[in-house]
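Undergrad: Pasting a structure here, questions to come.
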Amino acid sequence: MSKPVVAIVGRPNVGKSTLFNRLAGGLVAIVENRPGVTRDRLYRDSEWLGRKFTIIDTGGIEFVNENTSISAQMRRQAEIAIEEADVIVFVIDAQISPTPDDDMIAQTLRRSGKPVILAANKVENFAKTELYEFYNLGLGEPVPISAVHGMNIGDLLDEVVSHFPEDIEEEVDPDTIRIAVVGRPNVGKSSLVNTLLGEERVIVSNIPGTTRDAIDSAFEHEGKHYIIIDTAGMRRKGRIEELTEQYSVSRSLRAVDRSDVILMLLDAGEGVTEQDKKIAGYAHEAGKGIVLVVNKWDLIEKDDKTMNRFEKDIREELGFMQYAPTLFISAKTGQRVTKLLDLVDFVAEQNSTRVATATLNTLVREWVHLNPPPTDKGRRLKVLYATQVGVKPPTFVFFVNDHELMHFSYRRYLENQLRSSFGFEGSPIRMIVRQKDEERE
């Protein structure tokens, strides 16, 4: 099941980014008063009472300065919050009376029909703070908090989680591969999905997704079962086309959460953009299998070196995703689209690969012998043994004499050796380093 989405909204300088950091468990978001900064740290995952969720910081919303381009952009971010959120946290400044912007935001949120929690921030004295003025916003009882000091955040999270949709697991055959097609607007997601489904004559059914607005297409190919999670299919009637690219990120997050393999679409005419990096980064952190799909290849003037140059550029821009295979296609003409499902099968298998402990440790000893760890102040790292503890993604624990001696370069060396020996193409690898005395913890 995809994680619920919690959007933090409010006018500028009420403490949204500070609250965002609190709810994200201290993960770094840039906190400044300069417009646009928080857009670089738009989303993070968090957990409370066993429920995982995604937090979105929408930036400051202003209605009073309605003629400025910045204000218009912030209002579009309000639309993003309304469209995407399961729960909205409306942050206000408890130290001043409600402003006209607060009133306008409250009106917008009331019309949304979504659960809205009013978070009265910057409360210094919980016993003496009067919040009766904020009842006029029509959003119920304010929850007093101090994001800076972390006070009453637990009560706020209790309220947030109480509004989440029921946590119901999907009933899907374990052998079915769930494919998420993600990417920026107009990169060709719908065309690719239509081409894939158009070529596969045995469409089994349309399955309502666990998100409230997704329709998943189930089909068979050569006796194998697939479900396409189509983010492009999440478009609603209205003004969705006008929303900013943050909306596409948020839609993609939901698809990524529910997938086994991700088809990350890139536009051959534009290369890798900052928005592409955000989506790819989330896919990498989620531990899913991934294929980089360069679409609109038919529109590119080419020579015999064009493909190699383009792939090199991708590797430079997405340096953290060197393991992902790349396929150049045209969803419009069908060029190489038939190869996609074979690649999906391969990547799904790689992401589920298990390595026997005895085999792994024999190789680890060889790797350490070939390239001994460097010393640090006279002390040398000793890799005692290793074991695989999970798949999707493949996850390994390395027990060592002192985890602080594991330099990132040696960690990278071990990961490269794992890939050289066992493949894991299209799959991230998780490495956990523990001291021997941590084994029993």
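Each residue, glycine too, has its Cβ placed from N, Cα and C.
Pulled these from Swiss-Prot:
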DOMAIN    4-168  domain 'EngA-type G 1'
BINDING   10-17, 57-61, 121-124  GTP 1 binding site
DOMAIN    177-352  domain 'EngA-type G 2'
BINDING   183-190, 230-234, 295-298  GTP 2 binding site
DOMAIN    353-437  domain 'KH-like'
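I'd like these features described in context: how deep, what's nearby, how far apart.
TA: The DSSP secondary structure for VAL123 (GTP 1 binding site) is coil. VAL123 (GTP 1 binding site) is surrounded by 22 other CB atoms, counting those within 10 A of its CB over all protein chains shown.
Applying an 8 A CB threshold to same-chain residues 6+ apart, the list for TRP297 (GTP 2 binding site) reads ALA268, PHE328, ILE329, SER330, GLN335, ARG336.
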Undergrad: Quick check on the domain 'KH-like' (353-437): DSSP residue counts for helix, strand, coil, in that order please.
TA: 34 helix, 24 strand, 27 coil
Undergrad: From the Cα of ASN186 (GTP 2 binding site) across to the Cα of VAL123 (GTP 1 binding site), what is the distance in angstrom?
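TA: Computed Cα spacing between VAL123 (GTP 1 binding site) and ASN186 (GTP 2 binding site) is 45 Å.
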Undergrad: Inside 10 Å of the Cβ of LYS16 (GTP 1 binding site), count up the other Cβ atoms and send me the figure.
TA: 27
